[in-house]
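Since the structure comes first, as structure tokens, the remarks are kept for the end.
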Amino acid sequence: MFLNNLPALTLGTAIPWDLVQQSFWPILSGGIYYTIPLTILSFIFGMILALITALARMSKVRPLRWVFSVYVSAIRGTPLLVQLFIIFYLFPAFNVTLDPFPSAVIAFSLNVGAYASEIIRASILSVPKGQWEAGYTIGMTHQKTLFRVILPQAFRVSIPPLSNTFISLIKDTSLASQILVAELFRKAQEIGARNLDQILVIYIEAAFIYWIICFLLSLVQHVIERRLDRYVAK
């Protein structure tokens with residue numbers, strides 16, 4: 001087997017700190033210049049798509065509900081890696097040149113849009129119907145009631161699950177390495193390929209960087225939730 005032919009894939013008797021120090025910045029730079037921008041862009045576009053999808057699935061127009069329901073079902077029913085490869089090879093099939101990074105943004109945005117739409121839809125439905133009636137009573141239209149009364153309340157409810165979606169997306173971007181996006185994990189793979197005898201150390205280092213990023217984001221999430229809780233009646 002391939003693994004049996006490799007040099008020792010263990011930590012050995014001592015951790016190669018020189019290699020860890022030399023590889024730390026190249027791996028981290030992949031996170032700074034690719035992983036984080038990829039996550040932010042995908043999340044922003046995904047949230048726009050999620051809001052559109054959530055509202056469309058609550059629409060009274062049946063064909064609209066059906067189209068977006070199929071979209072959500074297709075995304076939730078297929079692996080993210082498969083979706084990534086489909087988008088990556090879809091545009092060249094129509095003679096359209098698209099670099100790996102924008103291909104990854106499109107794929108991750110579509111994925112986030114489907115999953116986040118369910119969160120947003122559930123958050124909107126959790127707002128008491130009396131809030132709708134209150135908006136109508138003071139002369140607001142359906143659209144104004146939605147955007148000025150309902151969505152602000154739904155937003156607070158959706159913060160925890162959407163924050164978890166964002167943190168999960170950070171980790172999911174490692175799949176972009178499969179289409180040659182030079183993100184954090186891809187950098188680790190490249191360095192590991194040149195140091196096969198210490199490849200485990202490189203991957204542990206990459207995992208540590210992912211963990212630190214996600215841990216810091218979790219702290220930010222906790223602060224936001226505590227601030228929002230101040231406005232909730234106990």
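Residue positions begin at 1 at the first shown residue.
Backbone N, Cα and C define each Cβ position, glycine as well.
As the structure is a computational prediction, the values presented were derived from the model and not from experiment.
As recorded in Swiss-Prot, the features of this protein are as follows:
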- 32-221: domain 'ABC transmembrane type-1' (DOMAIN)
- 8-28: transmembrane segment (TRANSMEM)
- 36-56: transmembrane segment (TRANSMEM)
- 78-98: transmembrane segment (TRANSMEM)
- 100-120: transmembrane segment (TRANSMEM)
- 199-219: transmembrane segment (TRANSMEM)
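Among residues of the same chain six or more beyond the transmembrane segment (100-120), those with a C-beta under 8 A of the stretch's C-beta atoms are 34, 38-39, 41-43, 45-54, 57, 68, 71-72, 74-76, 80, 83-84, 86-88, 91, 154, 158, 161-162, 165, 169, 172-173, 176, 179-181.
When Cβ-Cβ distances below 8 Å are used as the criterion, the transmembrane segment (36-56) is approached by residues 64-65, 67-68, 71-72, 101, 104-105, 108-121, 124, 146, 162, 165-166, 169-170, 173, 176, 181, 183, 213 of the same chain, each at least six residues removed from its ends.
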